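Novice: Can you keep this structure in mind? I'll have questions shortly.
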């Protein structure tokens, strides 16, 4: 036994660095073996990393769970009540909008059914012409025709020529061309055109000024200061692209001659390029409704409506009494009409007299025009609200029409409802099934509004759904302009002259899409963003909701994208 024990005790490796079985069986003090230390350290790190990963996973899960709970709480306690409140607000606004349109439509229909034409309500006998030529000419009142223009190279000949061809004694007519052009070549062309008509015996006055202060209002105000204007009893106004028929004055001036309380005769616009593209067809539908329903109703109800800025004839005395042309807003025409209306003067709209004009053919021109037409009235309403309420020469009902119907319902509530309901609330409803919209608000009211608008242009009734989607997009632009005007932001008084392309024969020769039309100039981020939001809502509704609401959302998103990339209208080089 001793021998075997001795042999076992003396079984020691000769190499001190080698590892024996006992090294693994018995604990070895730390640091006695580098290899052992490395393996032990790696194991510790692995265990520690695994523990850290489990800890991170638990932490992330806890954070996600808390975020989900927070989102559910925010959703149920904040967003859902807000959206339900928005639904109620839109219900009220939709009723207001529909009631206003039904009211105007009924008035317009009654006027037509009862044949209450202006010629039957007002005396408008032709101006008496005596046998003697000199006496006959003297019986015609002196009329001034004002044509303000700014770099109107494509159309200046149209308006000047049409004004000079008006059937009226030459010695009783003054054509005043107010040229604010900054292009020397255009200025020279306009001057020579005036000289050409002057040589034909027409009394044409070519007027310029040093600067463009006040834009169109400043130009008209400067023209009214000329000495020869004081001898004129009536003032007809034409924008550079308007072409009145030869008998324009023969049909309009008698209303003012025989009715001393009338201040303004407004005629209807007719569009020479309505069939040029889809954009002009959409505009024609809106403008026809404006003239046939809104202007007709305003004229019949309380002898007041917004002056359209052109194709109208004013009593010069009224312009002076009302304070002349003001440039405090971009709606100088509406400004003058309001001030004249508050003095008790009456207006008449004569829809049977049509004046040819041009619709904006490019989306850029149309957007700038709509900005001006939305921004100006909003600022004007802000400036004149208390003045309207304090007016003593108008009745309570006329004040109500001026404030509620003319401004609040038609220009503020209608614009806000159209954009917010169809482009914000409806797509958000897809993600919030808890929010319910009544069927009558969702379908019946929009359908009624569409049908009421279709009466303006019966020939385009097949485009009424497309017009509805188009107007929803333009409501975004109008709402933005309305807010800018009301709060007098940076572009509140921005005046950009609407680009005109001339008559249809010239338009046919224009290249529709030019190579130098840069992509960034056709890129409108806000429309594209909302279009993307609507497209996302449409996809979500198709995948997760059991309805066909995605059809409307998809259709509306397509129109947003079409306008966002300027795929409507004519594209021309600048």
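Using the three backbone atoms N, Cα and C, a Cβ is placed for every residue, glycine included.
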Novice: According to Swiss-Prot, which stretch among 66-86, 87-107, 108-128, 129-149 corresponds to the feature transmembrane segment?
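Specialist: Result: 87-107 is the stretch Swiss-Prot calls transmembrane segment.
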Novice: Do you know which of 374-394, 437-457, 458-478 Swiss-Prot annotates as transmembrane segment?
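Specialist: Based on what Swiss-Prot states, transmembrane segment spans 437-457.
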Novice: Counting across all protein chains present, how many other Cβ atoms fall within 10 Å of the Cβ of residue 333 (active site)?
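Specialist: Excluding its own Cβ, residue 333 (active site) sees 20 Cβ atoms within 10 Å.
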Novice: What is the interatomic distance between the Cα atoms of residue 241 (substrate binding site) and residue 333 (active site), given in whole Å?
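Specialist: Distance (Cα to Cα, whole Å): 17 Å.
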Novice: Would you identify the secondary structure of residue 180 (active site) according to DSSP, in three states?
Specialist: coil
Novice: Near residue 241 (substrate binding site), how many other Cβ atoms are within 10 Å of its Cβ?
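Specialist: I get 24 for this one.
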Novice: Report, as numbers and ranges, every residue of the chain located at least six residues beyond the transmembrane segment (548-568) whose Cβ falls under 8 Å of a Cβ in that stretch; write 'none' if there are none.
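Specialist: Same-chain contacts beyond the flanks: 277-279, 363-364, 422-423, 426-427, 430, 466, 469-470, 472-474, 521-528, 530-532, 534-535, 537-539, 541-542.
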Novice: Roughly how many Å separate the Cα of residue 333 (active site) from that of residue 239 (substrate binding site), to the nearest whole number?
Specialist: 12
